[in-house]
Ligand SMILES: O=C(O)C1=C[C@@H](OP(=O)(O)O)[C@@H](O)[C@H](O)C1
Ligand SMILES: C=C(OP(=O)(O)O)C(=O)O
């Protein structure tokens with residue numbers, strides 16, 4: 001698929017959508033299960049390109065991972081059982097794969113070299129290399145240890161524990177340091193300014209790691225082993241649900257049920273913001289799955305108004321800003337987004353791409369260094385836009401096209417990174 005044409009939706013979105021597995025939790029389930037020594041069945045694993053990069057990565061480190069058609073079964077060799085890979089490991093497009101794996105591999109007694117696609121090769125890796133080197137890891141990367149390709153040199157001794165005050169809100173950096181902390185001599189401490197997603201902390205605790213969270217301080221002690229339950233159930237990804245939350249809120253006459261949505265409070269910023277904008281979102285069937293809160297969501301069209309989104313909430317909706325920008329462009333009044341400079345170092349420079357591409361179908365978007373100012377009340381024109389090979393941009397463009405006058409999306413196939421069923425699901429909701 002090169003281009004994708006999305007037609008305008010004239011009679012609202014209707015019906016039910018079941019959200020595929022959470023990308024962040026899927027990555028972690030395969031990595032952490034691979035560090036245990038009993039088989040772990042992963043239910044509702046996200047079979048999207050990013051998570052498959054993690055599967056291939058763990059397989060090249062000697063972990064037996066099989067897809068039985070329903071579930072993924074991981075048979076690890078214990079905490080110290082990873083083997084030297086025979087080839088360079090390709091992390092593809094996935095920042096989570098690369099950064100978390102670096103934390104796991106920093107303390108190993110063998111050499112690993114990573115590469116990735118063009119986008120990942122532009123993204124900053126010094127943010128992980130720096131604290132890992134403070135722990136005593138030896139890592140060499142292009143451009144003065146900041147970019148791929150990256151080689152992790154064999155470690156002769158255990159890593160040193162550090163206390164690390166996070167210079168930016170990033171669950172990937174936090175997770176890399178915590179995972180390295182499993183292989184350190186003493187207690188590793190992380191101090192966060194604004195809390196980022198806590199799936200690593202929850203899953204490591206469930207696997208028996210000695211990890212303690214007190215407000216914004218996380219402490220992890222070295223582990224002898226990790227012990228997983230026989231099976232893990234992955235909740236649906238709220239970052240994927242976000243497209244339907246916005247689409248149903250802004251397309252007249254819509255009324256949909258979004259089933260199986262992960263409701264971890266470190267991820268629900270999108271719901272808080274949409275409700276604050278006047279969205280009609282109801283929660284039903286609240287439950288937990290493998291230590292993560294889950295619910296079904298009932299969303300109906302509502303007239304939205306502008307809002308202010310500031311630094312503190314950004315980590316709780318960091319991947320949802322592109323689709324929030326779509327909602328803001330049709331809402332009444334002005335929406336300001338600030339403290340969102342992290343968007344510049346994702347799969348694309350998302351602030352710049354939102355400005356460049358959205359300006360082809362709507363007026364009123366101003367790009368700031370750390371965010372956007374969006375003046376609403378727009379009617380979207382038909383346009384041809386480029387996803388810039390960024391899955392979150394492609395799906396946000398599709399929502400705008402469905403809500404407006406249709407859209408042609410170039411490089412549309414990148415939705416396979418996180419949500420392969422996205423276009424088919426949109427078609428189903430139109431019926
Ligand atoms: O830890 C994770 O699974 C993720 C953390 C976030 O990145 P940062 O840690 O760079 O903020 C997010 O954007 C990414 O999609 C997934
Ligand atoms: C930024 C993202 O993922 P990653 O950092 O894992 O590439 C994303 O999925 O939007």
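Numbers here mean position along the shown chain, with the first residue as 1.
Cβ atoms are placed via backbone N, Cα and C, with glycine included.
Annotation comment: TrEMBL describes 319 as active site, proton acceptor. Residues within less than 8 Å, Cβ to Cβ, of residue 319 (active site, proton acceptor) and separated from it by at least 6 positions along the same chain comprise 239, 242, 346, 392.
According to DSSP, residue 24 (3-phosphoshikimate binding site) is assigned to a helical segment. Counting only same-chain residues at least 6 apart in sequence, those with a Cβ under 8 Å from the Cβ of residue 24 (3-phosphoshikimate binding site) are 96, 171, 197, 199, 237. Annotation comment: TrEMBL describes 23, 24, 28, 170, 172, 319, 346 as 3-phosphoshikimate binding site.
Annotation comment: TrEMBL describes 23, 95, 123, 172, 350, 392 as phosphoenolpyruvate binding site. The local packing around residue 350 (phosphoenolpyruvate binding site), expressed as other Cβ atoms within 10 Å of its Cβ over all shown chains, amounts to 25.
Under the heading domain 'Enolpyruvate transferase', TrEMBL lists 12-426.
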- Considering the binding-site residues 23, 28, 123, 346, 392, which residue's Cβ sits among the greatest number of other Cβ atoms within 10 Å? 392
- Message: Max CA to CA distance in Å over the 3-phosphoshikimate-binding set 23, 24, 28, 170, 172, 319, 346?
- Response: 19
- For residue 170 (3-phosphoshikimate binding site), name the DSSP secondary structure in the helix/strand/coil scheme. coil
- Identify which of the following binding-site residues, namely 24, 28, 95, 123, 170, 350, place a Cβ less than 6 Å away from any atom of ligand 2, and list them by sequence position. 95
- Message: Let's check the environment of residue 172 (3-phosphoshikimate binding site): how many other CB atoms sit within 10 Å of its CB?
- Response: 21
